[in-house]
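Down below is the structure, laid out as structure tokens.
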Ligand SMILES: *Cc1c(COP(=O)(O)O)cnc(C)c1O
């Protein structure tokens, strides 16, 4: 039986995508070859890469606006240093909203000065800092749109005349926004777009070429732009499955349709968290993420009973990250509303039994 999969990442993808992707392993495009055994330079794969890149830009509304979409390797974690390698000459400003921001800050410090404009560490990152100012003498401002571990999401982005860089790993393609505010957007595929192994990087070309250091070819965005993400062998299968997922998003009505469903799922879950006296939410209400909902039991002694209940109901991946404890329901684009209902029913059932 298919599980209700709330895993934080790698995570659920659409069933249609799994079917098509598994078929391509046996016979890709009726070619008599598996997608796993063809050259990344073959016409069939080059068209996959092109479609993936153009779908990403199209869905984000960034076509013909000076942006390039790249599919790179090394995860979002590699972007923590690549961003600084390519953009940081003297000083950059970072907003620290959790584990991933902290890691990005650590890497950037190897390349230049880093100003942490604000941090929510004082409350174990359960909120998004709002009143801070961004210095004028910086090379760029970096933030994390959605904090996968703590379950907070930035609803507003600060206005700055400097390049805006954003780690959108866990909420890309989940909500409508004016993406043209950003100069670099990056996202590990495995949270909302595809399998692990590739990272989408959207680069506005005019932010490049401004640092004086030599950049190794593999670390240089310009290399990957000039080679259309084929400077070295790309993660062929991960790009292919990401492309199928992007097609799926488009066929369902694009980001707008994703956002509508994501809001329904979030509303269903959070309203039960708030109503049910046995549970309490972790993140500050106004900063709650529709992607990753974090909540705890008020009385930990109910843990064993509740855990057995949701596991018996076919739910997977509901345990919270060790730095928050409790539960985390990751409700990415491909998770159906019915799966959220199953968890809500378990929460109600626990209340009845107690
Ligand atoms: C998972 C995650 C990362 C790390 O991604 P990798 O691809 O494992 O390097 C970075 N940022 C955010 C917001 C994440 O959710």
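Note: Cβ is positioned from N, Cα and C throughout, glycine not excepted.
A TrEMBL annotation is a machine prediction, not a hand-curated record.
Per TrEMBL, the features are as follows:
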BINDING   41  L-glutamate binding site
BINDING   76, 77, 100, 148, 167, 190, 232, 233  pyridoxal 5'-phosphate binding site
DOMAIN    5-341  domain 'Aminotransferase class V'
MOD_RES   191  N6-(pyridoxal phosphate)lysine
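Annotated features, which come from TrEMBL, shown on the structure.
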{"residue": "41", "record": "L-glutamate binding site", "CB count, 10 Å": "9"}
{"residue": "76", "record": "pyridoxal 5'-phosphate binding site", "CB count, 10 Å": "24"}
{"residue": "77", "record": "pyridoxal 5'-phosphate binding site", "CB count, 10 Å": "16"}
{"residue": "100", "record": "pyridoxal 5'-phosphate binding site", "CB count, 10 Å": "22"}
{"residue": "148", "record": "pyridoxal 5'-phosphate binding site", "CB count, 10 Å": "27"}
{"residue": "167", "record": "pyridoxal 5'-phosphate binding site", "CB count, 10 Å": "29"}
{"residue": "190", "record": "pyridoxal 5'-phosphate binding site", "CB count, 10 Å": "25"}
{"residue": "191", "record": "N6-(pyridoxal phosphate)lysine", "CB count, 10 Å": "28"}
{"residue": "232", "record": "pyridoxal 5'-phosphate binding site", "CB count, 10 Å": "13"}
{"residue": "233", "record": "pyridoxal 5'-phosphate binding site", "CB count, 10 Å": "10"}
Compute the C-alpha separation of the residue listed as 'N6-(pyridoxal phosphate)lysine' from residue 148 (pyridoxal 5'-phosphate binding site), stating it in Å without decimals. 9
Hits among 41, 76, 77, 232, 233, i.e. binding-site residues with CB under 6 Å from ligand 1, come out as 76, 77
Taking only the CA atoms, the spacing between residue 232 (pyridoxal 5'-phosphate binding site) and the residue listed as 'L-glutamate binding site', expressed in whole angstrom, is 11
Residue 100 (pyridoxal 5'-phosphate binding site) to the residue listed as 'L-glutamate binding site', Cα to Cα, whole Å, comes out at 34
Checking the binding-site residues 77, 148, 167, 190, 233 against residue 41 (L-glutamate binding site) with a 10 Å Cα-Cα cut-off, in sequence order, leaves 233
Which whole number is the mean pLDDT over the domain 'Aminotransferase class V' (5-341)? 98
Please find, for 76, 77, 100, 148, 167, 190, 232, 233 as listed binding pyridoxal 5'-phosphate, the greatest distance between any two Cα atoms, in Å. 30
